[in-house]
Every structure is written in structure tokens, then in C-alpha cells.
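For reference, TrEMBL has these:
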REGION    1-20  region 'Disordered'
DOMAIN    38-331  domain 'Major facilitator superfamily (MFS) profile'
TRANSMEM  41-61  transmembrane segment
TRANSMEM  73-93  transmembrane segment
TRANSMEM  105-122  transmembrane segment
TRANSMEM  134-154  transmembrane segment
TRANSMEM  175-192  transmembrane segment
TRANSMEM  212-230  transmembrane segment
TRANSMEM  265-284  transmembrane segment
TRANSMEM  304-325  transmembrane segment
Amino acid sequence: MAGLHNESEQEPLLGDTPGSREWDILETEEHYKSRWRSIRILYLTMFLSSIRCHILTSFTSFTFIDPTADTSFLGWVIASYSLGQMVASPVFGLWSNYRPRKEPLIVSILISVAANCLYAYLHIPASHNKYYMLVARGLLGIGAGNVAVVRSYTAGATSLQERTSSMANISMCQALGFILGPVFQTCFAFIGEKGVTWDVIKLQINMYTTPVLLSAFLGILNIILILAILREHRVDDSGRQCKSINFEEASTDEAQVPQGNIDQVAVVAINVLFFVALFIFALFETIITPLTMDMYAWTQEQAVLYNGIILAALGVEAVVIFLGVKLLSKK
């Protein structure tokens, strides 16, 4: 009886309709649960990556680190993030095509953790602190190159029916990080600019460094979860498990996905639209603080507060839209 019970637990999912999930032997229950655990870990990875990006965009903290930094240099700091991500994304993408995706994910998060630690120690150099800030922001952009790996893994590990909803969840997690990133600094404002100093390791814990230290801790936690839970999975449009170049434990009974023709026009159009959206966002993110200070005569504190509310409202709007996309995709 025990043997029969164990066999029934490992029995593949079966159904009634040919060519669909309900008819073919697509995957075992164990594989299905492992696949979705891995996808949800990547939801978390995207969320934390978005938080790390937006924690370092406060104009107040930037000028506190180096008073000689002006508004134009802030633009270069913001641009260094995009440049780092632009360079790193194809590299991590190519890496993930031939090796387990854990590798580029872990390396990219380690780079982000290092960037946060560098930001926390920007007070130590006697001069040129703004250039160290530029390097920290660039490293953070390199770490954000894992977005391509997260999206490609999710697309390859979901069936056609699951894909739109899963990609909407990815974007929603990114939008939530966009909302909560600037909020973290506000939450730690009670610590003050001076805060306390840990003399043994020369670490200042104040309202500017606490958010990035928290981000570094969450990055380390993210790495531990990836090592413990993430597994390589790939399914075809019907949800049938398939072989993959970087599959860790490929078995002989897995199906190969036939390579069809790629719609090049659609790929180019989507990339152009994505470029335009990010272009607008980067411009808005860069100039919003100095622009509102000049146009409305806001103080620096007012600009941080009111712009934080505006960005949070935009993030909430984005979450609502992604939820709508998720619901409409089921119809």
C-alpha cells in the first residue's frame, strides 16, 4: 500500500482534452510546485532590484554626501545607472543562455550589494565623494542587468496561458519597488543626518545610509533564497517540460521545443516602445526635483516630500494597470 501511495504522489498531471494541459502528460505535481516556487523567487528578485534602484535617487542625500555636486552632475549620476544596465543586460542574458541562471542572478545581486556598501562608506574619502557616488550608481545599474534574466526565465518557465499573467506580476513587483524605494528613506528620517557612528568599522548609520544598508541585507537574503529554492525550468506553450541548454538535471523523456520563426518586426516594435517608456521615466526621474524647486519655489525638503507623493501615486497607478492586464489576460 505504501508503494502504491508513493507512486500516486508522483503520477503526472492528466486530463481530458487532447493538446491541452488536461490531456497530455505535462509535468508532475512536484515539478509544477518547484516551477512556481522558482518563479515567485524571481518576483521577489525583481521587487528588491527595483527598491535598490530607487533608494539612491534622493537629491537630498546626494548633496549631503558632497556639497560641491550640482544639478547637472546629478544627471550624470542617474545616467550612469542606465549605462551600467545597458552594458550588463546583454552580458547577463548571454551568460544565462549557456549556464544556469543562478550564476548571473547571484553575481548581479552581489554587485548591487557592493554598490550599496560603497554608498554607505562615501563619507570616508576626504574629497571627490561625488565621483564615488557616480561609481556606486553605475555598479547598481550593472546589478540591475539581471532584469533581462528574470524576464527571460519567467517567459520560458510558463505556458502560453500563464505567461501574460506572470509577466504582469513581474511588472507589478517592479512598480511596487518603485513606490517603496523612496519611502524607505522617509521612514528612516527620524534617525537624522548625524545618526550614530560605529567606530570599529567606521560606519555612519543615519537617515541616508540606513536604507542602503537595509537594501544590502535584503540582497544577501535574496541570494540565500535563490540558492535554496530556484531551479532551472523550461516549458513549451502547452506547459510541457522541455530540455534547456542550461537545465541542471535534464532527463531523456523531456521534449525539445521546436524553433519557429521569430517575428522580427514585433520584436523591434516592442523594444522601441520599451525604450521610449524608459526614456520618459529617466528624464522625469532626473529633473523632477530641481524642476519643481525652480518652478514652484519649493524648499529641498518640500520637493522631496511632494515629489515622493507624486511618484508613489504614479506607482499605485502602475500597479492598478498591471492588475487590470492580469485580469484581462485570463479572458
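Just so you know, glycine gets a Cβ as well, placed from its N, Cα and C.
Remember, TrEMBL labels are computer predictions, not curated facts.
In this chain, the transmembrane segment (265-284) lies out of contact with the transmembrane segment (134-154); the count of Cβ pairs under 8 Å, excluding pairs fewer than 6 apart in sequence, is fewer than 3.
Most Cβ pairs under 8 Å with the transmembrane segment (265-284) belong to 73-93, among the candidate stretches 73-93, 105-122, 212-230.
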